[in-house]
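What Swiss-Prot says about this one:
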type: BINDING; residues: Asn214, Arg224, Tyr242, Arg289; note: 2-oxoglutarate binding site
type: BINDING; residues: His229, Asp231, His279; note: Fe cation binding site
type: BINDING; residues: Gln310; note: substrate binding site
type: DOMAIN; residues: 198-298; note: domain 'Fe2OG dioxygenase'
type: SITE; residues: Ser148; note: site 'Interaction with DNA'
Amino acid sequence: MTTFKQQTIKEKETKRKYCIKGTTANLTQTHPNGPVCVNRGEEVANTTTLLDSGGGINKKSLLQNLLSKCKTTFQQSFTNANITLKDEKWLKNVRTAYFVCDHDGSVELAYLPNVLPKELVEEFTEKFESIQTGRKKDTGYSGILDNSMPFNYVTADLSQELGQYLSEIVNPQINYYISKLLTCVSSRTINYLVSLNDSYYALNNCLYPSTAFNSLKPSNDGHRIRKPHKDNLDITPSSLFYFGNFQNTEGYLELTDKNCKVFVQPGDVLFFKGNEYKHVVANITSGWRIGLVYFAHKGSKTKPYYEDTQKNSLKIHKETK
């Protein structure tokens with residue numbers, strides 16, 4: 001039987017090499033944008049050197065360590081950066097680089113402004129606008145979904161222009177920055193993502209198996225979730241990238257339980273645990289706010305995958321029972 005993926009997605013060679021546990025890298029995955037080498041526990045490596053005299057984490061040293069990695073990886077400086085431990089009072093208004101860490105040094109949230117090249121932001125924004133002109137929905141997906149189904153399935157949007165543009169053009173380029181980001185802030189997330197079904201990467205052209213497209217304009221504000229919520233289906237922190245053109249006082253992401261507003265702008269990236277912290281997006285009164293959310297549901301590892309659309313996958317699932 002010819003699957004949906006075979007009909008619509010070009011086969012891509014994905015090579016994965018598993019290293020012996022205890023060596024410098026326990027797994028390496030080769031992607032079109034280069035290899036990703038990961039050390040388990042890398043994100044909390046050298047924690048002993050980040051302790052203060054009382055045995056607690058030295059926030060200044062931890063911040064310097066994170067900024068050093070980000071500066072080297074992204075080849076840019078992040079000025080006026082701040083750091084908070086997760087159980088401390090978070091910054092109320094975030095406009096510069098910001099990290100929230102656990103007491104073992106692992107990153108709960110990372111905000112890095114102006115990570116994407118301006119030309120890339122403008123190119124994607126222009127194309128998204130062209131695509132949205134012919135769409136009625138303000139959301140869309142690429143990759144896999146599971147939602148309330150007992151299996152993972154190929155999102156129907158992959159047969160449409162938006163889904164194809166995401167998977168074939170956007171995701172391969174954004175994945176380059178995702179790899180950089182996760183290398184700096186969460187090797188644990190990389191380890192989890194590369195442990196998933198190889199077919200997910202071939203389908204979505206990204207470390208994350210799923211991508212959500214969210215369009216927000218003053219005229220279409222009614223479609224979205226307007227109450228603070230958690231992304232309870234997620235298993236890893238998500239990586240969010242922003243496009244469009246909107247005022248820097250609007251469209252912020254608010255982590256309501258922490259009284260923290262992150263004033264994101266086009267070109268920025270935000271990494272955080274949406275399944276742990278309640279959040280909501282503020283209104284905009286002008287312009288256009290586009291958010292791309294790269295995520296992984298719990299079901300991506302625990303549920304079967306039939307490499308087909310929801311309807312056809314349901315039929316296969318019933319036949320296997």
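Cβ coordinates come from backbone N, Cα and C, glycine included.
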Least surrounded, by Cβ count within 10 Å, of the recorded positions Ser148, Asn214, Gln310 is Ser148
A correct count of other C-beta atoms within 10 Å of the C-beta of His279 (Fe cation binding site) gives 22
One finds that other Cβ atoms within 10 Å of the Cβ of Arg289 (2-oxoglutarate binding site) number exactly 25
A 10 Å Cα radius around Gln310 (substrate binding site) captures, of the recorded positions Ser148, His229, Asp231, Tyr242, exactly none
Nearest by Cα to Arg289 (2-oxoglutarate binding site), of the recorded positions Ser148, His229, Asp231, His279, is His279
Across the domain 'Fe2OG dioxygenase' (198-298) the predicted model averages a pLDDT of 94
Rounded Cα distance in angstrom between His229 (Fe cation binding site) and Tyr242 (2-oxoglutarate binding site) is 20
Grouping DSSP H, G, I as helix and E, B as strand, the residues of the domain 'Fe2OG dioxygenase' (198-298) number 16 helix, 39 strand, 46 coil
Rounded Cα distance, in Å, between Ser148 (site 'Interaction with DNA') and His279 (Fe cation binding site) is 22
Cβ-Cβ distance under 8 Å, sequence separation of 6 or more, same chain as Tyr242 (2-oxoglutarate binding site); the residues meeting this, in order, are Val264, Gln265, Pro266, Gly267, Asp268, Val269, Leu270, Arg289, Ile290, Gly291, Leu292
